[in-house]
Structures are given as C-alpha cells and as structure tokens.
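The structure appears below as structure tokens.
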Amino acid sequence: MPLKWSLLLGTFVLISCSSVEAAVTVGRACKVTDTMPGICRTSSDCEPLIDGYIKSGVLTLNDVPSCGLGAWGEIFCCPTKPCCDNSTITSVSTSSTTSTKAPMTSGRVDVPTFGSGDRPAVAACKKIRERKQQRSGNQLVIHIVGGYPVDPGVYPHMAAIGYITFGTDFRCGGSLIASRFVLTAAHCVNTDANTPAFVRLGAVNIENPDHSYQDIVIRSVKIHPQYVGNKYNDIAILELERDVVETDNIRPACLHTDATDPPSNSKFFVAGWGVLNVTTRARSKILLRAGLELVPLDQCNISYAEQPGSIRLLKQGVIDSLLCAIDQKLIADACKGDSGGPLIHELNVEDGMYTIMGVISSGFGCATVTPGLYTRVSSYLDFIEGIVWPDNRV
C-alpha cells in the first residue's frame, strides 16, 4: 500500500510498540542475560535493584533489556535480587511572540576561526559542562533510560512548545540551547495559525508535571531566512521572555559543531512526547526516547527517490545540510507531534554527556523503511550563533 505524504507533512512524534500488549508484562519472568534470571518491572521499581549491578561493573545501562512498553512507561527486565555485597563493588569514576525571518547569513561555515578562541557554540558548551560538573560533582547518577521513558534530569534541555487555541496544545518539541533560547523546526512556527505561545521545561509528564517545571512565554520567533516551506533549512529559534532558572532538570544542551559524522558505532536518540500507536494516535503523557542509526546520505537519497512525490519537497535531493536516521528494526521512529525536538548524539551515558546533532524535521511515514529527515545543526551554526550569541558574546 503506498505511503501518504500527509504523514510526512505533519509534525513528528515518537512511535513505539503497542502499549496494550506490553501493559500485562509486569511481573513476568525474563532473562537479563543468558545466565541471569529477571522479572519485568517498572523503571521506578527496577532502578534501585539495578544500581548495584551497574556500580559494580557487572552490567551497564545498555545491558538492561526491555520487556515492552506499559500503560505508564517502559517495563524493564530487572534482576530478581540486589547485586553484590560490598566486597565485590568496584569504584566507578566520571569525567568531568512574533514570527520573523532572521537576517540572511552566509552559507555553511562549519569550522570558522575566532582569533585564538573558540567559536560561540563551542565556548557555550564548555560553560554548560562546567556548570554541570559544579552541580553534580563526582557523583554518578544512574538513570534507567535504555528504553522508551526518560527519567527527570536525563534530558534537561527538552522543551515542549505550547500553542493556545481552544486550550493548551503541545504540538512540537525543542531544545534549550542557552538560558533564553530554544532550538526547534521552522515548520512548527512559520504561520499565523501555528504561532507558539510558551515553552514548558523540566517536565517529564507533560500533562501533570511536578513542581520543578517552568512555563516561559515566547518573546519572538526567528525562522531561517531561506526556509520556504519545503524540507530544507527547517530550523528556527525561539527567544523567551526571561532566562530559565537552571536546575538539575532544566539546563541547556551543547550543540554538535563538527561537520563530519561521528563513528558508525555512536549512539543516537530522538526524544519527545508522542503517539504510542499510529492507528489510535493516542499520545504519551511522558517523555519518551528511541535509539536510531544514522543512514549515509547516498543511501538516503536512494530511499527517497523511490517514493512518489518526493521530488516536489526534495528538489535537490537529500543534501549535506540534512541528516537521515532510522531504527533498523522498524519499531521506533519520530512521527506526528515531535517535530523540532532533538536528534541526540550520546557521548557518555554514565555522566549524561551528549550533543544536539539534528532537529527533527520530516519523514515518509513513521517507522518505515524510509529514513527520517533531520536538519543538521552544524550546517546552521552561523544562523544560531548570530541570534543566540551576537558579537560572539557567550
């Protein structure tokens, strides 16, 4: 059956397995490893048990299997008993609103020089990491994020963009990249009927956030000057009315500034509040994430060339300012509702270091054989820095 471009044109949301099937898995027997029996538990029940295994080096976060997606979040295969007496535990260390087109900037400049100093995005990232280190010290914070749900503080840059029509509606996501600026997709904010009102930060449950969340009014919207409604230059910046108050759950993220793609074994994730099932369109109230793999642009071009109608929106093909990513199992993807959210390059899961490599833009269907399209952040550093850090002030 042919795929419809209406799915591509909508905003994106995270897709995962059916929650109906997975909701009955709590308490079911499972295997953590071939030699370690387990039982399916919620993340809140599993985390205290798994903590000792991770600190002892017996398991890593990525070793914890998923039993499926329950009604309220991911269900994990958890060891049946706590790990390790004190004699077996080894130490673990850690390493340190108005909508307008922005002024025209020059073309892609990935690695310009700024005298003897760093470009603003790099300097800002160093400050973000310094503040994170000061806040967390050398304490290792364990979060169960190997599956779909995301615990508070794991992705403190995540922003939900609120629209007020006949009530509050969160249609797109974004990433906090500085104390007063959120990065998102241009198609989320490019019409009068699609004007965002505020951003919600620090919330995992988007409809029932805890006391630590912050809602901040959007002062202005800056759309890339070369965005004309197709799949190119799909990037925008929201300026907030005030600076955020940084907490453990609210903090800017680093931008990916390297023009080259990371090694093939790198870990990539998309995150957002989204639909659990493409048929019912029922949305998750909690922040979800899913692991993806980058697809080389030549392969991505072949995939899109096979889709009818793609030439209309991708007249130049899949070019260097885009990224392509896919879940090879065709289970997880971004789809309607998560546009503007991040494609995250995870550097170190233990100390929570990552960069925003892409902005969720579009795709051909959801969790299909055609990869999703993402705006490559490193192609737009001049645009971002000119708004967020004018005159190279960080």
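Quick reminder: no glycine exception, Cβ is built from N, Cα and C everywhere.
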In Swiss-Prot, CYS30 is listed as disulfide-bonded to which of the following: CYS77, CYS78, CYS83?
-> CYS77
Would you mind checking which of CYS17, CYS254, CYS300, CYS324 shares a disulfide with CYS125 in Swiss-Prot?
-> CYS254
Of all the recorded positions given, namely CYS46, CYS67, SER339, which is spatially nearest to CYS300 (disulfide bond) at the Cα level?
-> SER339
If you skip the near sequence neighbours and keep only those at least six away, which residues in the chain come within under 8 angstroms of CYS77 (disulfide bond), Cβ to Cβ?
-> CYS30, LYS31, VAL32, GLY38, ILE39, CYS40, VAL64, PRO65, SER66, CYS67
Recorded positions: ASN301, SER339 - member with fewest neighbouring CB atoms within 10 Å = ASN301
With H, G and I counted as helix, E and B as strand and the rest as coil, say where DSSP puts CYS46 (disulfide bond).
-> helix
Separation of alpha carbons, SER339 (active site, charge relay system) and CYS78 (disulfide bond) (Å) | 33
